[in-house]
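*Asks:* Take a look at the following structure, please.
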Amino acid sequence: MKFAKSPAGTESKNRSAIPQPDKKSALLLVHLQNDFCPGGALAVAGGDQVIPVANACIQFFSREAFPIIATRDWHPENHCSFQAQGGPWPPHCVQGSRGSQFHPDLKMPPGTLIVSGATNPKKEAYSGFDGTSLEDRLEDVEAKTLFVLGLATDYCVKQTVLDACQRGFRVVVLEDGVRGIEAQPGDSQKAIQDMQTAGALIAHSADLGI
Ligand code: VGL
Ligand code: ZN
């Protein structure tokens, strides 16, 4: 296995051995949808800033023909997480709406596997594994290592990463490719720590030579 050099000053716990993508890797893009970007219904500050990072990773994985999977938050209009139903969130990512579409600058190649989540009106599901075919898709492509980026750090990225760690995947979170909702200041940093504690490696896209 090759190891990437970290840029000076970025070394920290778990940063010592960032694996490089190989054919047993998958790129997992979490919720790069309009509603989580500025102007969207549940906008994450700087959410659109992860799109260039995603595109660089996509280019790398496509060139090598390594698998790319995009999850999308895909709610029915009466989803229990919406305030009208007593939930915490404004309506967002309603199936088929403009807000539910992937960000227009995202260069998603043909062949990207799309996994839709949180489709049951009665159940919130932050993890991409919850009630979806994500684990089967990852088995199909024989992925062992997941490179994860997307929105939002403190909800769906975190839960997806924790579930992936629990399922035995090696997980690399690309820190420059995630942004959080920050319902409470510090939530994103705490989420990064929780993911690291669960065994995820925290890296920067530059660590991959991307
Ligand atoms: C998300 C809140 C509600 C997320 C989705 O993608 O992190 N957060 N729905
Ligand atoms: Zn949602």
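Please read every residue number as a count from 1 along the shown chain.
Cβ atoms here come from the backbone N, Cα and C positions, even for glycine.
Automated prediction, rather than curation, is the source of TrEMBL annotations.
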*Asks:* Checking feature assignment: region 'Disordered' per TrEMBL, candidates 1-20, 101-120, 181-200. Which range matches?
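*Replies:* Based on what TrEMBL states, region 'Disordered' spans 1-20.
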*Asks:* How does the model score the domain 'Isochorismatase-like' (25-205) in terms of mean pLDDT?
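*Replies:* So the average pLDDT across the domain 'Isochorismatase-like' (25-205) works out to 98.
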